[in-house]
Amino acid sequence: MDQIRISGGRPLKGKIPVSGAKNAALTLLPAALLTDEPLTLRNLPRLADVDTFGHLLNVLGASTQTQGSRPEDFGRVMTISASRMTSTTAPYDIVRKMRASILVLGPLLAREGVATVSQPGGCAIGNRPIDLHLKGLEALGAEIELTSGYVRAKAPKGGLTGGHIIFPVVSVGATENVLMAAVLAKGQTVMENAAREPEIVDLANCLVAMGARISGIGTERLVIDGVDRLHGATYAVMPDRIEAGSYACAAAITGGEVVLLGADRALLGSTLPVLEAAGVSFEDVKGGLKVSRANGLHGVTATTAPWPGLATDMQAQLMALVTVADGASVLTETIFENRYMHVPELARMGADITVTGRSAVVRGVPKLHGAPVMATDLRASMSLVIAGLAAEGETIVRRVYHLDRGYERLEEKLQAVGADIERVDGD
Ligand SMILES: CC(=O)N[C@H]1[C@@H](OP(=O)(O)OP(=O)(O)OC[C@H]2O[C@@H](n3ccc(=O)[nH]c3=O)[C@H](O)[C@@H]2O)O[C@H](CO)[C@@H](O)[C@@H]1O
Ligand SMILES: C=C(OP(=O)(O)O)C(=O)O
């Protein structure tokens, strides 16, 4: 199995192109099921999860064609044509590999009137329920049964109808699923306390380009006037704000200076001031954002929250950064109950971290040392890469398949800015 070997201590210098956002791509792909005309997605990142989603769309009867994807290019263009669906079932074998598969539920229900989707279980970062997805779809008239590990959903005769949904907590996935169902429902749907993440804005903009009628995009109150049909469109996936934030941490921890091509400070929300407080400097430059270490690294107190708060998907990378900061940090995770799988691994590299309940106290140490490490989720794995880039000596990161889910050609991008990093065969 592949491993990543890093010899730490080299300041990163140069340019890193930011890829299309994984978490936007994984909600734009199921949107293709809402129309019988082709949807062309540009700037799709080359990631294992995108391939898995393509496979799921094929299983449902949609064709997927990728164009212009020379191996040396970042990103690719995919045209998805769901002119005729041959199945309405998302099987366990695919859903277990990729939680985002649940996002075919709303589109299948809206388009075909039925959907059977394997229930995603918990995962390494927490419990991850889907009750709000189901309640939201029920508010549009769907009948839902949970049997044998599957969600079986049926629209009433005549199709889904608009409804009024007040989410008790902000849910990115539930907002996406219900939004995709509501665009083809009869009448008006109002979603209150909807998620406002940039990836939801990206989905809504793509749906509008396909003929949907949505107002309140980017706010917590989305109003959707259902239309009879959507048409095809061409849409470019937004840049990956989490990838950009991850490389910002990598540049700062190594004392380097990197231009993140295509990065946009507006997409970082209040993750940006938290990184600034930790000592990352951001400067707008032509074509992107220049990141470097300002005046040393400093401990921070920060809590993850829905947009525009500190992104939960940046918590592990921020933690890696502050392991070598002056002073202590207190990081609190509010979205997932178990998103600290990186803590024992960072500790093996010399970090001083104590977790109590939902908070982690990180006392900065002068330096980290390389070690063999392993993580059980995507961002935890990235935090180990960031730590490895700064550590003295060699770090081996195992279970690279987590990184391949969310970072397009990670080692190539880091090699290009001077990191001593390579993918090697391992046991
Ligand atoms: C608000 C938030 O930051 N969401 C993150 C979440 O999205 P993802 O869509 O996976 O999760 P949600 O946004 O739905 O979850 C937010 C919170 O709502 C709870 N919940 C969710 C759905 C549900 O049906 N019932 C329920 O109780 C969850 O347990 C969680 O505490 O993980 C993604 C991958 O790391 C991140 O990119 C998203 O930024
Ligand atoms: C946990 C993540 O993704 P997923 O929900 O696809 O597992 C992530 O993007 O950090």
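Placement of Cβ uses the backbone N, Cα and C atoms for every residue, glycine included.
Taken verbatim from TrEMBL:
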| type | residues | note |
| --- | --- | --- |
| ACT_SITE | Cys123 | active site, proton donor |
| BINDING | Lys22, Asn23 | phosphoenolpyruvate binding site |
| BINDING | Arg99, Arg128, Pro129, Ile130, Asp131, Leu132, Asp313, Ile335 | UDP-N-acetyl-alpha-D-glucosamine binding site |
| DOMAIN | 8-414 | domain 'Enolpyruvate transferase' |
| MOD_RES | Cys123 | 2-(S-cysteinyl)pyruvic acid O-phosphothioketal |
Cβ-Cβ neighbours of Lys22 (phosphoenolpyruvate binding site) (radius 10 Å): 25
Inter-residue Cα distance where the pair is Asp313 (UDP-N-acetyl-alpha-D-glucosamine binding site) and Asn23 (phosphoenolpyruvate binding site), in Å: 10
Residue among recorded positions Cys123, Ile130, Leu132, Ile335 with least C-beta crowding, 10 angstrom cut-off: Cys123
Binding-site residues whose CB lies under 6 angstroms from ligand 2, from Arg128, Pro129, Ile130, Asp131, Leu132, Ile335: none
Whole-number Å value for how far Lys22 (phosphoenolpyruvate binding site) lies from Arg128 (UDP-N-acetyl-alpha-D-glucosamine binding site) (Cα to Cα): 18
Among Asp131, Asp313, the most crowded of the binding-site residues [Cβ within 10 Å]: Asp313
Within 10 angstroms of Cys123 (active site, proton donor), Cα basis - binding-site residues out of Lys22, Arg99, Leu132, Ile335: Arg99
Assigned element (helix, strand, coil) containing Ile130 (UDP-N-acetyl-alpha-D-glucosamine binding site), judged by DSSP: coil
Nearest-integer angstrom distance between the alpha carbons (Cα) of Ile335 (UDP-N-acetyl-alpha-D-glucosamine binding site) and Lys22 (phosphoenolpyruvate binding site): 19
Neighbouring C-beta atoms (10 Å sphere around the C-beta of Asn23 (phosphoenolpyruvate binding site)): 25
Local backbone state of the residue listed as 'active site, proton donor', from DSSP in three classes: strand
Three-class DSSP secondary structure - Ile335 (UDP-N-acetyl-alpha-D-glucosamine binding site): coil
Rounded inter-Cα distance in Å - Leu132 (UDP-N-acetyl-alpha-D-glucosamine binding site), Lys22 (phosphoenolpyruvate binding site): 22
